[in-house]
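**Q** So that we are looking at the same thing, I have put the structure below in structure tokens.
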Amino acid sequence: MWLISTVSWKWTKHGLIYFHSYTMGLLQISLALGIFCASSVVGFGVDPALRINLFDELTLGQGFDGVTQVQGFHGESRAFHFQGSSREVKAPAELSKQMVHKLRGKSEFTVLVTVKQEHLNSGVILSIHHSEQRFLELESSGQRSEVRLHYRTKGQQAHTEVFPYSLADDQWHKVSVAISASHVILHVDCNRIYERVVEVPYMNIPEDASVWLGQRNAAHGFFKGVMQDVEIVVMPQGYISQCPDLNRTCPTCNDFHGLVQKIMELQDVLAKTSSKLSRAEEKMNGLDGCYCERTCTVKGVVYREDEGWTDGCRNCTCTNGTVQCEAITCPPPQCPATTAPAYVKGSCCMECQPVCLFGGRELVEGDRKAVRDSAGRCLLFECRDRNMHRVVPSEPCPELNCPESEQITLNDRCCKVCRGHDFCSEGHGCVEHSDCVNLEAGDCCVCKDGFRPLREDNAYCEDIDECAEGKHYCRENTMCVNTPGSFMCICHTGYIRIDDYSCTDIDECADGFVECDSKSTCVNLPGWYHCECRDGYHDNGLFSANGESCVDINECKTGRNTCANDTVCFNLDGGYDCRCPHGHNCTGDCIHDNKVKHSGQIWVLDSDRCSVCSCQAGQVMCRRMVCDCDNPNADLFCCPECDPRLSSQCLHQNGLLTYSSGDTWVENCQQCQCLQGQVDCWPLPCPPVDCEFTVVPEGECCPRCVTDPCLADTIRNDITKTCTDEHNISRFSGSSWIKHGTECTLCQCKNGHICCSVDPMCL
């Protein structure tokens with residue numbers, strides 16, 4: 001799509017005025033995109049600068065436990081067998097940085113691998129992640145027969161695209177996942193299996209991200225089997241390098257997005273030019289905007305922007321209306337002779353003070369010392385101006401109301417005190433977040449709970465951020481919030497408090513908050529719920545929240561019944577019945593997998609050895625095998641919960657909990673299961689939403705429809721629905737710009753609606 005713009009100018013009494021017009025022809029899109037076709041993939045060779053060969057980069061076979069070189073699918077490259085769960089195939093930091101650099105910011109690339117995965121293994125083929133954020137991860141689940149692509153969207157949301165397909169069958173497969181902007185294509189054995197439109201991946205990967213092969217990290221997601229030719233190709237239609245005979249489509253989705261982006265950039269240039277001219281005209285008319293300075297108020301004192309001050313042992317600055325403070329670092333004082341370092345009232349760091357020599361000891365300015373002469377009289381001296389001066393008491397010592405055995409003689413005064421005397425009440429130097437504590441012969445400063453000292457005498461203390469330092473006890477489903485001297489564990493939305501440190505999901509289906517239609521059943525999810533159609537019913541496409549849209553499935557019309565030839569299928573509400581016509585003697589047999597099963601016959605499914613079926617009066621009834629863990633001959637494949645071996649237990653992601661084989665749990669909007677020592681997690685099912693604007697509330701897992709596009713974090717962008725900005729320039733849906741006359745107001749076009757907010761980068 002090309003932008004054709006004409007601009008005209010003229011002088012008026014209001015200054016320089018300009019007019020512009022432009023047209024955008026959709027016909028030119030096809031012509032422009034055709035240009036890209038010739039340069040998409042030239043030949044079957046790939047520029048080495050565009051290819052990341054994981055085996056070559058990691059130099060596999062050199063020092064990686066649990067990885068051995070074996071015969072591969074072909075003999076043109078090396079293949080490696082990944083086994084066990086005590087391996088760490090991770091790229092070194094510098095190597096990870098180089099690989100991430102090739103991928104960073106790219107919107108078109110393909111992950112290629114040739115695999116032979118063990119039966120029922122659920123493992124990660126490749127993972128690029130930073131902390132808990134997975135930027136690119138390819139996973140194959142043999143337990144659920146799924147291929148999963150994990151990544152982060154441009155909206156900074158974690159996303160998992162699930163492709164139902166079984167790779168874990170102990171057979172060789174060529175696999176490629178090609179990403180082109182919002183387009184994902186899965187090829188298996190050079191056959192196009194899935195082609196989908198998804199949310200655009202966010203590929204601004206941090207430089208210190210980790211790159212793992214054959215596992216998610218050191219504890220989870222271990223792939224078991226053989227891998228060969230594990231590569232990332234940063235180019236359009238990279239799957240052609242694996243399967244050269246595939247037809248090449250032209251152009252790619254990324255080509256189209258690139259052209260749209262260029263048009264948006266041209267629109268932005270035009271808008272900025274318009275904005276500059278408008279501001280120039282305003283200045284010519286003397287209409288400069290007002291400047292509003294944000295100030296900070298601390299302890300009744302107002303500070304201006306960028307103004308700094310010292311608050312105790314912290315240097316503070318007023319920045320954009322917010323007080324920012326840093327602890328003062330005190331260098332060790334280099335004191336000359338006849339001086340010594342000492343704390344001075346009102347100053348944070350030690351300062352060099354003159355000293356007095358008295359009785360072989362050094363005393364600093366203001367220190368007092370009591371001594372007794374030969375007659376037993378108490379004499380009090382004070383250090384002033386490098387000399388000890390005698391202090392004459394102005395009044396006699398007060399009479400003590402305690403026995404002599406409870407009276408204490410002090411070094412800095414002549415008057416005795418009773419044991420337990422309140423020295424703190426006489427005045428102390430404990431200043432910020434510090435308490436004065438009485439000792440037997442004096443006092444000292446102690447930081448309050450939740451604070452730590454800024455200097456060695458504990459006179460100044462600062463708050464400990466338990467949340468940032470991981471010194472809190474907040475558990476699942478909570479968010480740690482720092483408070484002065486402590487912290488709070490706030491429940492995520494949709495959860496209720498158990499105690500001060502943990503929260504649990506509100507089971508809307510059980511506390512009685514939800515009433516689902518009789519044709520549906522309530523399914524509880526973390527922070528949310530939905531009414532799911534019962535067996536024998538399906539949704540009519542309206543997807544009502546309470547299940548009213550569930551309607552009966554006519555098994556007789558759809559052929560989803562097992563009635564034999566000598567019986568007639570009768571549809572029932574939520575099911576069907578096999579009836580014998582009047583005057584006939586029916587066998588009651590069933591048809592299952594195109595085979596006749598006699599009435600009363602019981603058999604195990606060929607495709608699932610853990611399911612038992614029976615034929616009863618023309619209907620096939622199947623159920624999972626009943627597990628009896630007291631039976632020593634229990635089939636551990638079908639009954640993993642009966643597996644008592646320690647090797648079949650799984651460690652929770654946090655490393656603190658242990659699960660037995662067969663246990664399930666919910667973690668980060670995923671359903672997880674332990675199966676004979678392996679953890680497999682998949683996205684929680686969410687009810688379908690058929691709306692233009694959706695949002696996932698904090699603490700919840702599933703999107704909800706919203707009518708206000710400005711509240712939505714996900715929209716179905718339709719570039720035919722444009723917005724007109726303040727300069728009468730048309731903006732595509734998905735484009736953003738800074739509003740005229742402001743520096744921090746960011747506006748976005750969302751399917752014909754303009755939404756403006758303060759740019760978080762300005763805060």
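Cβ atoms here come from the backbone N, Cα and C positions, even for glycine.
Relevant sequence annotations retrieved from TrEMBL are reproduced here:
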DOMAIN    77-250  domain 'Laminin G'
DOMAIN    294-353  domain 'VWFC'
DOMAIN    463-504  domain 'EGF-like'
DOMAIN    505-540  domain 'EGF-like'
DOMAIN    552-587  domain 'EGF-like'
DOMAIN    588-643  domain 'VWFC'
DOMAIN    648-706  domain 'VWFC'
**Q** Find the member of 294-353, 463-504, 505-540, 552-587 that has more C-beta pairs under 8 Å to the domain 'VWFC' (648-706) than any other listed stretch.
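**A** Top-ranked stretch among 294-353, 463-504, 505-540, 552-587: 505-540.
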**Q** Looking only at residues six or more beyond either end of the domain 'EGF-like' (505-540), which have a C-beta under 8 A from one in the stretch?
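**A** Those are 477, 492-496, 546-553, 555, 573-575, 666, 669, 684-687, 697, 699-702, 704, in sequence order.
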**Q** Over the domain 'EGF-like' (463-504), work out the mean pLDDT and round it to an integer.
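**A** Here the predicted model's pLDDT, averaged over the domain 'EGF-like' (463-504), is 86.
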**Q** Taking DSSP states H, G and I as helix and E and B as strand, how many residues of the domain 'VWFC' (294-353) are helix, strand and coil?
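**A** Grouping H, G, I as helix and E, B as strand yields 0 helix, 29 strand, 31 coil.
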